[in-house]
């Protein structure tokens, strides 16, 4: 039965081009999942966009001497190009500085406000003494007052997991310039999380199939639940849609309140741009729809607590009750799929310190599937993992080139040389049946892993089949069979069997290696688009909804989005029979081996740090 599946991918902050650490956590895993779900016949909507509000972008715009909108435009385009080059198959990748996003965020806020879950309080706000500008929570560090760990942020301590306010920190300092912030009284709207705690707890305790680290962390957050400020003293952001506030350009909604609403606003924009303005409701109002949220572990709080609380409050499901908003009852996450961190040679990625590998540089030299493969087999799925050039070279050469590439090239080359086409097999022997049965069984077991976001387990099983197929060819020695005319039928059977296993493995590798899969599809003599690629489309800031207040987006503004026609691709999660008589051409090498020296030195643009 066809399922509706929403794939919500963390919104990258628009402060620079993407490095491989960014895409290891949210990018490649979410795309593998979405591509698999499409191949399984499900109705998939994959959305994301660039997150463009908040103080960090203002600070950077000042440094670069440009307007904040110009800076957002610059990095939005760079990120769109990076993610498209990597083959991330978004149905819509948009941005937060759109009229549609502003309007949808304001609708969520109004619903929460009308239901009594947005409360107004006087709080202490952090101000930079030298600039007078508000310091965001995450730009303040100090000692955690609960566990005593240094380096706790103004919103949360990563060591103990507790939520914090900047004023709680011991010896707080600004991460921007090291000065001690001033704390002044200011009026803000807070999301009344305690009034939603019972509903949150009930929902979370039903999430038994989540990754253990995510569920444990999320439940621990409930031990110290408190109201969280959802507005800021800042002039860059979404106006607060309340009388007396909406025209105050010095107060805007908190960037994290608006960013998580992006999954919903992007879905609404996708429906509008697709010509069916109500199509988004299939993914948000139908309780049978499954919704999966992909992110790094540092964003769990906002997706397992803040966003669900917003959805519950909007539907009037907290202790204060309330009315269901105009958008209807919106689905809570089915699963929050959080990855750990990818480091580089033992160090955290840092552009300023030169510890960085940019996606665009990587793609230019190695192409997308080498990176996609490394992230799949060695990425930070359940633990922090380290990228080294030595391991990258070893995996590309030993596994991709010598394993998968070798299987494809020698199988098709021998079939082409001896028959010029897919040969007609004779009677199958036990060895033939054994390798075919192994590939057949893998479809079901790999699917079970991918359906549970166990991407490493999935690709490990596929590569096991690849290894067994290479062993089968070595055992059958078709190059010897080719020298004996009396063994021609056996040669045909062995090569037909190997071609079928190549086809099967290619199908199962398609979510991981879509670009390579398209090449193999063509190498097997097949036509058409096997694995569709995303496209960059230039659009205008049109919106089915209109926001209110000051500082709104320009309705004539143009920007790039990522979209794609994935429904017409041929790839299905099932065996595609290789048809005898199909013409085969001599294949070009599928995967180039890398110079082993690269593992010791790294490329010029990202050398190994000694």
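Placed from the backbone N, Cα and C atoms, the Cβ positions cover glycine too.
In Swiss-Prot, the motif ''HIGH' region' annotation falls on 12-22 of the listed ranges 1-11, 12-22. Feature motif ''KMSKS' region', per Swiss-Prot, maps to range 348-352 of the set 343-347, 348-352, 353-357.
Taking Cβ pairs closer than 8 Å, the motif ''HIGH' region' (12-22) reaches residues 48, 50-52, 54, 56-57, 60, 71-72, 75-76, 78-79, 82-83, 95, 341-344, 349, 351, 356-360, 362, 371, 375, 387 in its own chain, all 6 or more past its ends. Between the listed binding-site residues, namely 144, 147, 157, 160, the fewest other CB atoms within 10 angstroms of a CB are found at 147.
Between the alpha carbons (Cα) of residue 351 (ATP binding site) and residue 160 (Zn(2+) binding site) lies a span of roughly 27 Å. All protein chains included, residue 351 (ATP binding site) registers 12 other Cβ atoms within 10 Å of its own Cβ. Broken down with DSSP, the motif ''KMSKS' region' (348-352) shows 0 helix, 1 strand, 4 coil.
Mean model confidence for the motif ''KMSKS' region' (348-352) is a pLDDT of 74. Residue counts for the motif ''HIGH' region' (12-22) by DSSP state, with H, G and I taken as helix and E and B as strand, are 3 helix, 2 strand, 6 coil.
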